[in-house]
Amino acid sequence: MPLRVTFLGTAGAIPTTERNPSAIFVAREGEKLLFDAGEGTQRQMMRFGTGFSVSHLFVTHLHGDHVLGIPGLLQTMDFNDREEPLAIHTPAGTRRELKGLVNALGNRPSFPVRINEVGDGDVAYRADEYEVRAFATDHDARSVGYALVEDDRKGRFDRERAEELGVPVGPKFSKLHEGEPVELEDGTVVDPDQVVGDPRPGRVIVYTGDTRPAAATVEAAEEPDLLIHDATFADDRADRAAETAHSTARQAAEIANRAGADRLALMHLSSRYAGQTDAHLEQAREVFAGDETDAFVPDDGQALDIPYPDGEAE
Ligand SMILES: [Zn+2]
Ligand SMILES: [Zn+2]
């Protein structure tokens, strides 16, 4: 099952000609999720072909560079006669401000908009095969990060072994794979654990939004396949990162290490580094790099398909 992340906006507080403010689009099966919506997000969605059929928007905090795209995006959805409901998840205590954005200039979306406040540890959204959890971050605003965590997948079905045991090909196969014992014609009972392997882990994506390096990010989810972390500054501005409640690329890499992440996307680069990503990459890779791991600075529009940890297609 494809799980695709598209980086719609990777800039820090001030956009550059190359980078839009924060927005990350995630498509899983037919479902489309958006994390933050900085100014101009709707145009990035057009440029990079994601479409507008987002069912959930997850807001990390209400600084303008993460939410000023909401009024325009909702207005366009309205012009497009959208009818499907939209859920917007936002940190506890920000409902009023968020509502102000939804209803900016007296706009009243014709489709239902549900606002859901979330705090550390809350499941913001429970879907069929995954959930999106909120976790605490350390920023100078009410803020959370989000972890998309897929459920374990069923263990692999050992077809050969099932046939050896005399299970006839057909519905009994799926019954066993679903975890139910089956009885054969001679009265023998075959249990699922005889033919089904251990559950296999799903995929995990963690997105911090703006934050200082924080233990809660490490605890948000085990061994993320992709950690998308604040890396506003390089080492030369480490003091500035601490003052403004952001992280350096090196600090993001340390968190990625502690979390056991596979890949680290360095996000939210300050406009002072416009066009220059060498220092970020170099400093992150001093801490976080290996055969199975890597840090990168995504470009706007870059898309990434996340494979299952065991490398299998489903
Ligand atoms: Zn920001
Ligand atoms: Zn911020």
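Every residue, even glycine, has its Cβ placed from backbone N, Cα and C.
Within the set 73-94, 95-116, 293-314, the record from TrEMBL flags 293-314 under the feature region 'Disordered'. Among the candidates HIS177, HIS268, the residue that TrEMBL annotates alongside ASP65, HIS66, ASP210 as binding Zn(2+) 2 is HIS268.
Counting every protein chain shown, the Cβ of HIS268 (Zn(2+) 2 binding site) has 29 other Cβ atoms within 10 Å. Spacing of HIS139 (Zn(2+) 1 binding site) relative to HIS66 (Zn(2+) 2 binding site) is 13 Å (Cα to Cα, whole number). Secondary structure of the region 'Disordered' (293-314) per DSSP (helix as H, G, I; strand as E, B; remaining residues coil): 0 helix, 6 strand, 16 coil.
The Cβ centroid of HIS61, HIS63, HIS139, ASP210 marks the Zn(2+) 1 site; residues of that chain outside this set whose Cβ lies within 8 Å of it are THR60, LEU62, HIS66, THR137, ASP140, ALA141, SER143, GLY209, THR211, ALA245, given in sequence order. With respect to ligand 2, the binding-site residues HIS63, ASP210, HIS268 contribute HIS63, ASP210 as residues with a C-beta closer than 6 angstroms to one of its atoms, given in sequence order.
Across the structure, HIS61 (Zn(2+) 1 binding site) and HIS268 (Zn(2+) 2 binding site) place their CA atoms 14 angstrom apart. Least packed by the Cβ count within 10 Å, out of the binding-site residues ASP65, ASP210, is ASP65.
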